[in-house]
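Asks: Dropping the structure in here first, questions after.
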Amino acid sequence: MSSVFANVVRAPEDPILGVTVAYHKDQSPNKLNLGVGAYRTEEGKPLVLNVVKKAEQMLVNDQSRVKEYLPIVGLADFNKLSAKLIFGADSPAIQENRVATVQCLSGTGSLRVGGEFLARHYHEHTVYIPQPTWGNHPKIFTLAGLSVKTYRYYNPETRGLDFEGMLEDLGSAPLGAIVLLHACAHNPTGVDPTIEQWEQIRQLMRSKSLLPFFDSAYQGFASGSLDADAQSVRIFVADGGECLAAQSYAKNMGLYGERVGALSIVCKTADVASKVESQLKLVIRPMYSSPPLHGASIVAAILKDGDLYNEWTLELKAMADRIISMRQELFNALQAKGTPGDWSHIVKQIGMFTFTGLNSEQVTFMTNEYHIYLTSDGRISMAGLSSRTVPHLADAIHAAVTGKA
């Protein structure tokens with residue numbers, strides 16, 4: 001008897017997660033995984049922050065804690081503290097109760113809930129995403145019921161921002177369209193607008209009533225400063241206009257597998273925010289009912305305790321600084337080898353990723369000859385590098401560029 005699912009076609013591996021699958025199959029002792037965006041120590045090991053261990057110990061020691069369901073919108077403390085973290089403690093939007101915040105399943109879940117809410121309650125169903133962007137963005141919004149278009153963002157010639165192209169494309173978008181913006185540390189390029197450029201983007205978007213939807217996956221991880229990395233979002237909130245923001249604590253607290261995130265919608269009035277929250281519950285309830293308790297409790301414990309918060313900012317800065325130093329080491333190694341081309345973009349780009357400018361053939365060559373795994377667009381996760389592995393990567397890039405293995 002054949003299966004009723006016999007005609008199901010095998011799906012391709014996820015372009016990012018598939019890199020790790022291939023890496024695990026490789027038996028080489030020199031193999032290096034620079035595909036997935038997860039922080040590693042200098043020894044190449046996953047890191048659990050000390051402050052997270054302390055918070056977890058506090059939770060374990062608290063005998064009053066139970067495992068009851070959270071409300072649909074999640075842990076109240078977590079939501080309040082998350083909004084403060086991204087918008088600033090003195091944000092008028094928060095003080096005036098104009099922000100609806102719900103706990104979601106990390107960044108992906110926050111984007112999906114936001115997308116589904118917009119598909120049901122916003123008059124314009126087109127979302128513009130940067131070209132390039134994180135591979136999951138188009139799928140998330142399409143499945144949420146929105147139609148996806150792109151705007152120019154990256155200039156491969158300069159390996160920097162195509163600012164003119166970006167303004168031109170947003171300028172010709174229909175009135176009221178939704179625009180996805182990376183709050184900081186753009187993935188995959190590592191290229192961000194300056195504050196002055198953000199201000200121009202804000203003016204253009206507000207003049208066309210374009211609705212900003214920020215994806216903030218790396219607050220504090222780009223520059224090492226939580227406030228600096230939230231400037232783009234705060235510029236838009238300061239003008240009194242409306243916007244959405246998806247937050248993830250995967251990277252900045254190392255809580256990848258806990259799936260902790262938040263969606264905040266900044267509204268014009270407290271009354272509107274309250275109605276928006278009521279509708280967000282209707283999106284969430286049939287999707288996953290309510291979010292997990294543990295990760296949100298860790299985040300809330302850290303954000304509300306002054307000592308833990310300060311310790312977190314130090315650990316976060318240490319992670320950001322290590323990535324910045326890896327950029328410098330890789331750049332220096334390529335300079336020392338005399339690798340053809342200008343590699344200064346490696347130190348200019350920020351955040352977890354570097355968009356190397358290597359093409360898919362060069363990437364395949366590096367994987368086959370040097371056992372280095374990265375996505376086919378040439379994106380490398382700087383967080384996966386160490387002083388020990390930089391020379392190996394520099395050798396591989398040099399060979400790929402010069403064609404001399």
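Glycine too: its Cβ is placed from the backbone N, Cα and C atoms.
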Asks: Which of Asn187, Asn252, Asn310 shares the L-aspartate site with Gly37, Trp134, Arg379 per Swiss-Prot?
Replies: Asn187
Asks: What subset of the binding-site residues Gly37, Trp134, Asn187, Arg379 lies within 10 angstroms of Lys251 (N6-(pyridoxal phosphate)lysine) at the C-alpha level?
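Replies: So far as Cα distances go, the binding-site residues lying within 10 Å of Lys251 (N6-(pyridoxal phosphate)lysine) are Gly37.
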Asks: Among Gly37, Trp134, Asn187, Arg379, which the record lists as binding L-aspartate, how far apart in Å are the two most distant Cα atoms?
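Replies: Max span of the L-aspartate binding residues, Cα based, is 11 Å.
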Asks: When you measure from the Cβ of Gly37 (L-aspartate binding site), which residues in the chain that are at least 6 apart have a Cβ under 8 Å away?
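Replies: Correct list: Ile16, Asn187, Lys251, Met352, Phe353, Ser381, Ala383.
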Asks: Starting from the Cβ centroid of Gly37, Trp134, Asn187, Arg379, which together make up the recorded L-aspartate site, report each further residue of the same chain whose Cβ lies within 8 Å of that point, ordered by sequence.
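Replies: For the L-aspartate site, the extra neighbours are Ile16, Gly135, Pro188, Met352, Phe353, Thr375, Ser381.
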